[in-house]
Amino acid sequence: MANEGLRDNETLSSLKNESETLKCKLEEERAKLHDVEPFLSVFFFQQDGKVIVWDAFTTNKEHAVTMPCTWVMACAYAPSGCAIACGGLDNKCSVYPLTFDKNENMAAKKKSVAMHTNYLSACSFTNSDMQILTSSGDGTCALWDVESGQLLQSFHGHAADVLCLDLAPSETGNTFVSGGCDKKAMVWDLRSGQCIQSFETHDSDINSVRYYPSGDAFASASDDATCRLYDLRADREVAIYSKESIIFGASSVDFSLSGRLLFTGYNDYTINVWDVLKGTRVSILFGHENRVSTLRVSPDGTAFCSGSWDHTLRVAVGHQRTRPPAKFIFHSGPERPPQFIKSSATAIIHADSPC
Amino acid sequence: FTIIKVEALVLEMQDPDTGVKTQTQRLVITTIPHAMTGHDILEWIINRLQILDEEAQNIGNLVVQYGYIYPLQEPKNIILRPDGSLYRFQTPYFWPTQQWPAEETDYAIYLAKKNIRKKGVLEDYEKENYNILNIRLNHKWDFVIMQAKEQYRAGKERKKADRVVFEFQERAYWLVHRPPPGAPNVIDYGLDRFSDPNENQVTQKKTFDVYRREIIFNQHSLMKSRVKSSVSLGGIVKYCEQYFNHDPIMTGCLPSNPWLTDDTQFWDLNAPLSEVPTKLRVERWTFSFRELLSDPRGRQDFQLFLRKEFSGENLAFWEACEDLKYGDQSKVKEKAEEVYKTFLAPGARRWINIDGKTMDITVKGLKHPHRYVLDAAQSHIYMLMKKVSVYICCCVALPSLRLLDAMWGLNKNPCFHIYLTVKYRSDWSPVSADTD
């Protein structure tokens with residue numbers, strides 16, 4: 001988009017008005033097709049900065065990589081399970097090949113892939129080990145080639161820090177959603193770098209976004225203490241998961257395998273489980289002694305893992321309050337995103353940050 | 001943002017008519033006004049928010065931890081006891097929302113004052129902090145001591161009850177902002193965001209460029225097709241229903257959930273390339289072509305089937321396209337050439353059958369290869385394979401499941417009725433080969 005000056009009959013305020021008018025029209029169009037009102041009545045749901053890979057089932061540590069930077073904020077597992085990516089306050093995303101050879105120093109083989117101008121908030125491999133998608137405090141997302149470190153595509157549009165991203169599970173797999181401090185969730189086309197859809201209904205920072213398993217919708221968790229479901233085909237928000245008693249921000253969301261349940265972690269140390277379709281809360285889980293900073297359901301849907309500032313990762317099954325968490329893992333730093341490895345159900349990767 | 005909501009709740013609690021009951025209490029030798037019991041606070045929360053004990057207890061604890069309410073009897077025990085323990089509301093002057101940073105100098109003055117008042121009896125961690133601050137603030141230590149003495153003197157001139165209350169309030173404030181070791185530090189909220197979007201909105205002047213971009217985006221969005229919410233949500237409901245039995249958290253899994261019983265049989269049975277896939281797993285392949293392709297075992301079976309049909313090149317081509325899209329950037333040119341030689345060139349070893357127009361576009365694009373140059377051809381082949389997969393799923397994988405539905409669907413597609421009468425055994429060898 002070239003930096004043109006004003007044309008005849010255009011002034012800054014006329015452009016602004018035009019933009020605002022279009023925005024209103026768009027909302028009207030979206031509202032016209034919203035024939036579900038209210039939703040509920042029509043349908044009857046380290047101190048030293050380490051990255052650690054745990055075998056969640058046996059709770060044994062499989063790998064540990066010491067990071068040179070002090071705050072690690074993002075980590076991801078490669079689809080093959082042979083490498084991990086992480087980054088944070090160092091503004092970079094680095095890829096470490098995993099090895100079971102005790103003699104090898106994993107940190108030595110690290111590859112610096114992404115370079116942002118501010119902290120790295122999230123990263124994710126695309127369909128292979130060779131490409132990484134990152135989001136940053138500098139307000140942009142970017143797609144990188146791992147081998148060369150080349151920037152393949154950048155995504156501009158957020159007006160403030162981008163805090164989270166998630167790749168679509170769709171058949172063509174070419175989009176992703178990002179959430180930021182500007183309260184917007186934006187859907188991007190990987191190929192063109194364009195923003196396809198944008199949603200701005202939250203009242204505060206969006207901390208986490210996750211696609212619904214079919215790829216037709218996504219959920220977001222925000223500091224405004226609500227989680228919301230956005231439908232991509234209807235192009236609007238279709239559900240809000242909130243309660244008067246929930247007054248602390250939500251930090252993370254994930255769906256159960258069928259998409260019927262939504263697990264959400266909050267800054268009030270609890271995990272709430274919602275019925276996605278009915279919009280009601282199914283259960284509330286206690287146990288963590290500090291903020292729940294992150295949460296993921298395992299790829300085979302058998303359990304979910306929550307990480308917290310109380311230095312533990314807890315794996316829990318089901319949503320019944322009486323069932324105790326199945327496994328406990330204690331660690332020395334407040335937890336940043338754990339991710340289940342895709343190929344096996346049992347390994348967890350998480351990043352450690354100093355208190 | 002959170003703080004605002006907590007504050008709103010606390011303000012409600014303080015309402016003289018509908019809030020928590022308070023009364024004057026005698027504590028040791030002084031009478032303290034407006035004290036309340038932990039039990040009353042909890043009851044109020046339960047009634048107001050319509051929740052159960054455990055959740056109310058959690059909220060109560062947090063309200064105390066953030067310093068809006070402080071305990072009178074065990075000041076360091078920052079939880080809400082559900083009994084007769086006494087609490088008071090913190091004065092708004094000391095609320096976290098005030099957001100003045102708890103300065104080191106202020107803390108030093110507070111400790112110095114406490115030192116004077118208690119004649120040198122401070123907690124261990126407080127002594128440590130005091131010494132550290134002494135060194136760090138050495139240049140203004142005289143000022144600190146002078147302030148401390150001044151405040152102490154001013155305090156003595158107050159009425160005893162007021163003074164005691166103020167001392168409680170101040171102590172509670174510092175317990176929140178300089179917690180003793182081992183206590184939760186609620187003031188820590190993690191890292192600062194880099195940009196403050198509120199600030200930007202006020203000071204950032206949007207350029208013509210930004211508005212133009214917005215206008216174009218909004219225009220495109222308006223032109224985009226949209227479906228009715230009910231239709232789209234119907235799709236979501238259907239998905240949930242379809243996958244209900246496959247969701248271990250909803251319906252459990254057989255033989256058992258390994259996380260609960262420590263028995264890993266479930267994972268052994270469902271290993272990526274297991275000998276015999278479970279019935280549930282095979283059923284999932286029938287849900288969508290994507291499920292079939294993304295399951296390694298499913299893909300393997302599909303590959304086998306295609307080979308028997310002498311059309312294995314389709315899947316191989318699709319996989320080559322994926323490799324091009326997501327693979328090493330430096331190898332793009334090389335891979336594109338390889339794909340052309342193997343699949344697209346006239347007389348190629350594994351020539352794929354795509355329509356003329358798509359072939360034209362693809363070949364032209366290959367002159368300047370990039371990651372997405374094979375997209376058109378890949379989509380075409382994907383759709384082709386998808387149709388074939390429907391056939392497999394209903395005629396081979398699950399003959400009894402939804403066969404009638406699938407047959408009806410297939411009948412409408414002319415290219416495939418020739419397959420309808422061909423039957424396959426489980427090892428993929430044909431039983432009878434009647435073709436129309």
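Glycine too: its Cβ is placed from the backbone N, Cα and C atoms.
TrEMBL lists A:113-154 (among others) with the feature repeat 'WD'. Residue counts for the repeat 'WD' (A:113-154) under DSSP, helix first, then strand, then coil, are 0 helix, 25 strand, 17 coil.
Restricting the average to the repeat 'WD' (A:155-198) gives a pLDDT of 90. If you look up TrEMBL, you'll see A:155-198 (among others) marked as repeat 'WD'.
Positions annotated as repeat 'WD' by TrEMBL: A:199-240 (among others). Sequence-remote contacts of a segment are chain residues at least 6 beyond its ends whose Cβ falls under 8 Å from one of its Cβ atoms, and for the repeat 'WD' (A:199-240) they are 30-31, 33-34, 36, 39, 161, 163-171, 177-187, 246-255, 257-259, 262, 264-266, 274, 276, 279, 294.
Per TrEMBL, repeat 'WD' is recorded for A:252-284 (among others).
Residues or ranges marked as repeat 'WD' by TrEMBL: A:285-315 (among others). When DSSP labels each residue, the repeat 'WD' (A:285-315) comes out as 0 helix, 16 strand, 15 coil, counted as helix, strand and coil in that order.
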Helix-strand-coil residue split for the repeat 'WD' (A:155-198), DSSP-based: 0 helix, 23 strand, 21 coil
